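Chemist: Structure incoming, see below.
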Ligand SMILES: C[S@@+](CC[C@H](N)C(=O)[O-])C[C@H]1O[C@@H](n2cnc3c(N)ncnc32)[C@H](O)[C@@H]1O
């Protein structure tokens, strides 16, 4: 059923050209702090003792590389020490913290003698400010060996919390409906991810291992093996432990199995608490894990809100520090990425004055709400460690063999309302005729529950009791309907709607319930594509006992929230910041830093439902929002309308497809129509919200022109009518010309972009467009993933070289974010780079390790 710089020849580090601190001066005077940032000095090669030149070239290169690494490592430590304020001005913190390679190579002689800043032998060696040792030293090697042992011990304790049945129900191998008997089962960890069951079976057979069944899923690093006898288990464990497979050493681990069997459950009428009815100790059919209940394992609270036990101020300090590290990393990488022969930018040179930070970190804004702040929770459906069908949070990563789901109890970021809905659904599932989703086998029906809450406008008192403010709730249930009987499904969905309605009404005080939506998704992970079919379920009036209608209008399935006194309409799959009150602070900060005025054209890149652009629209001439999710764009149009905002335009398309054309259209307007420059009112008139069939708007043609031009340039853009929530048309216009259009196009003096991309950051094409449009002088980057902000900032802020180089395209596979960004920076067309001006951390996610980061870039 389907519901719907090259190494120098003298063997010295090639980084000196990029690392002004490693100059002769600094080397000759070990007490001289590495703060000399004179770019002219930086270009001077470090003069080495003549005896160094006797070493052959390859060794030179190796030594050079090694020293380069040392210098880079030192920079980090040094920067970190300075950032922490622990730098000792009387003695350079890195003095004698690295072994002198010349001393070592030349049997104890170095021309710098006692003035050398590097340690002459292990005896002189000092620990680094971060308490680590020179990685080439004996001390470091010893520490590493101890670390490996400890690490191994820790990994040994790591449990494979696989609570989904792994075998086929035909009982191939492990019997008991696919449940693993812990005494006859083992997990093999660190297997090649590409392996499937057949590869694992072949491997075991080749190794002469006797086994009953072997299961492995592509993408996982874990495989599951069952045996006939405990003797087979013992031999396999001894033989396989530490054996190499695909370059990694296998670990043999215990399994926490699914211990609660669906068959038993469906034979019983379950009371409210399933725990009391099904004592796993008495469950004869399915044995429990050897420790009794998986009690060693983590709680949802520990996984989802790992900082919850820290005082809030400490959480903030921790987040601020990690953003600081990102800023240090940005400087270091931008310095490394600077092409040879190009002056190092001033901001990098000045970074020494502020502990290596790329720019000042102004601090961290705290969340107005600390608890229950999340307005959206995605609860997984799965089996708990005790094998109970559960609605809550997964305890780890599926790839690593964890499928256990635990209830969201004691997760302080979740509202009481969301917890209650999770519990209602859980109790429903425990009696449902339809199976819950099995991640290992990709089978089952019930997958996920999303609870979205809409809040009334904030009042001063609301922070104390935020739940009073939750006025609307939308529930979205994700299922995989393929292959299930239509009638059975319809019956279960009717019952579900009734259970939610009753549960909401019978709770004291009653829970808000605005919409119930079904999302049908067949994919492997629960992350459904934006176009996964949605179907609203009518909610019965529990008082009247009327029949439940299993249909409705999806456009009406929406909730509302408020930010900066504006009302936002949110459809089921549209992005909306999960902490609305903190988001308000975030957007205000971005607006303040963006330098807005009536002559500003603001590009709101990755605009979602239009929140940033709409909250700032009164401060600019015009907003152009870009967003790829069609229903979010439709929401943005609706939000502009319900708030009476007329100077915004929202374009539906991937930013990488449309950004270049939009910038070209708006920024490269010939300056021949000065009367149109910088007029907010003109902006309001010229670009109407209504893009179709509204002849009352003067410049309707202008509004559509961008789309036409984009198409002409080969970009695909979806266009939407603003007709009160109707689904966007997603049509692509073709064949229109742009002749004479720029003469009537509104012109602005100030072009600003606020970008707020998803975790992966901006697409390289978008970065290139932003970077190469020189009239775009200011850019505010908002990111929920500071690592990708840092990577994108490397590309935006590194000077380009005369010859743009094409790198080795294969090399990217092995690169981290920063390495990849440095690699891409090499091919950036000649253009003025941005510079980081200031940054701020904003805590949108109290108790979790995540933090939003905002950075102002200018040129
Ligand atoms: C972090 S959200 C920010 C949304 C919005 N600025 C807000 O604060 O509500 C990122 C948004 O980018 C959209 N998005 C993701 N990839 C995109 C792309 N390639 N082009 C345009 N939008 C994209 C997502 O749909 C999502 O709405």
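Yeah, the Cβs are placed from backbone N, Cα and C, and that goes for glycine too.
TrEMBL lists these features:
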ACT_SITE  784  active site, nucleophile
ACT_SITE  784  active site
BINDING   577, 627, 756  S-adenosyl-L-methionine binding site
COMPBIAS  1-31  compositional bias 'Polar residues'
COMPBIAS  48-63  compositional bias 'Polar residues'
COMPBIAS  717-732  compositional bias 'Basic and acidic residues'
DOMAIN    94-123  domain 'C3H1-type'
REGION    1-94  region 'Disordered'
REGION    127-153  region 'Disordered'
REGION    711-743  region 'Disordered'
ZN_FING   94-123  zinc finger
Chemist: Starting from the S-adenosyl-L-methionine site formed by 577, 627, 756, give every other residue of that chain whose CB sits within 8 Å of the mean position of their CB atoms, in sequence order.
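Modeler: Other same-chain residues near the S-adenosyl-L-methionine site: 575, 604, 606, 607, 608, 609, 611, 612.
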Chemist: Could you tell me the mean pLDDT over the domain 'C3H1-type' (94-123), as a whole number?
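Modeler: Across the residues of the domain 'C3H1-type' (94-123) the model's pLDDT averages 83 on the 0 to 100 scale.
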Chemist: If we count other C-beta atoms within 10 Å, could you say which of the binding-site residues 627, 756 has the fewest?
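Modeler: Across 627, 756, these binding-site residues, the one with fewest Cβ atoms within 10 Å is 756.
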Chemist: State the Cα to Cα distance, in Å, between residue 577 (S-adenosyl-L-methionine binding site) and the residue listed as 'active site, nucleophile', rounded to an integer.
Modeler: 10
Chemist: Would you give the longest CA-CA distance, in whole angstrom, between residues of 577, 627, 756, the set recorded as binding S-adenosyl-L-methionine?
Modeler: 15
Chemist: For residue 756 (S-adenosyl-L-methionine binding site), what is the secondary structure state per DSSP, taken as helix, strand or coil?
Modeler: coil
Chemist: Within 10 Å of the Cβ of residue 577 (S-adenosyl-L-methionine binding site), how many other Cβ atoms can you find? Include all protein chains, please.
Modeler: 24
Chemist: With DSSP as the yardstick, break the domain 'C3H1-type' (94-123) down into helix, strand and coil residue counts.
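Modeler: So the domain 'C3H1-type' (94-123) is made up of 8 helix, 2 strand, 20 coil.
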Chemist: What three-state secondary structure does DSSP assign to the residue listed as 'active site, nucleophile'?
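Modeler: Note: the residue listed as 'active site, nucleophile' is coil by DSSP, not helix or strand.
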Chemist: State the Cα to Cα distance, in Å, between the residue listed as 'active site, nucleophile' and residue 627 (S-adenosyl-L-methionine binding site), rounded to an integer.
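Modeler: Checking the Cα atoms of the residue listed as 'active site, nucleophile' and residue 627 (S-adenosyl-L-methionine binding site) gives a distance of 17 Å.
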